[in-house]
Amino acid sequence: MHIDWSSFTPWPALAGGALIGLAAAAMALLLGRVAGISGILGGLLRPSPGESRWRLAFLIGLLLAPWLVRAAGAMPPLKIEASSGLLIVAGLLVGVGTRYGAGCTSGHGVCGLSRLSGRSLVATLVFMAAGFVTVALVRHGGVL
Amino acid sequence: MNRIRILLAALASGLVFGLGLIVSGMVQPAKVLGFLDLLGAWDPSLALVMGGAIAVGLPTFAWAKRRQAGQQASLLGEPMRLPEARQIDRRLVLGSLLFGVGWGLAGLCPGPALVALGAGSGPAALFVLAMLGSMGLFEWLERRRRP
């Protein structure tokens, strides 16, 4: 392992992370909810009274964010290089995995660790380890 | 009036969350995969994104947890509903494992995928469609298990 200093962007990473933390804090303090994207999305597929509108509002904000950045002339071009087949398989795994595991990078990673939840720490360690192993196998193990 | 305030707060939170994902570079799968690639040229940026978020989250979630423990309402008067589950079971571990594999395959997790969809990315739309499909399948299976 060696650090790729040319790709490492410490200041934007910290600043963007602080914005994510601010959004999660606002959801927790103002609405009493965790900003877990998979949970907010999954909850829409299990509609219960009074539970859909705040979820939709949050998701619309998420979808509008690139428009705001684009209006400021600062939106970088997105590069998603995975093939269509791989995107479908990955999407299926992420969908079912985050629902069975009750969270993703935001719900367990950001909010769960901020809450000092042992359950979220385990989830985060497991999905990080699985991600490390998957990328090792794909990029260095000749899998796929 | 309060209903509108709640929806506006949720909308603004989503917007700021999305801005954070764009500013931090986490909407680019290459940045995420660069972090997950421990054996290659490693990009530690994602760790600092988590660090920055948790630095803000620690004191605010401690405050939110105190409100919940004291049976107080949220600042906008909503019931506090932070998760209270503690069990570490097979569902948590297996689910997180599947998520991690999918995350490592494409470099996308739900938040960045939705932001990329909002930016009009076709590949992100395909990913989100598959993700919604399997989330729907999960709901269907859950309803059959516990009607």
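Sequential numbering from 1, following the chain as shown.
Quick reminder: no glycine exception, Cβ is built from N, Cα and C everywhere.
Annotation comment: TrEMBL describes A:20-44 (among others) as transmembrane segment.
Within the chain, the transmembrane segment (A:56-76) has long-range Cβ neighbours (under 8 A, six or more residues past its boundaries) at 27, 35, 37, 40-41, 44. Feature annotation from TrEMBL assigns transmembrane segment to A:56-76 (among others).
Annotation comment: TrEMBL describes A:82-100 (among others) as transmembrane segment. Here the transmembrane segment (A:82-100) has Cβ contacts under 8 Å with residues 38, 42, 107, 127, 144 of the same chain, all six or more residues outside its ends.
Per TrEMBL, transmembrane segment is recorded for A:121-138 (among others).
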Checklist entry - When you scan the chain for residues with a C-beta under 8 Å from the transmembrane segment (A:20-44), skipping those not six or more beyond its ends, what do you find? => result 51-52, 54-56, 58-59, 62, 94-95, 98-99, 102-104, 106-108, 110-112, 114-115
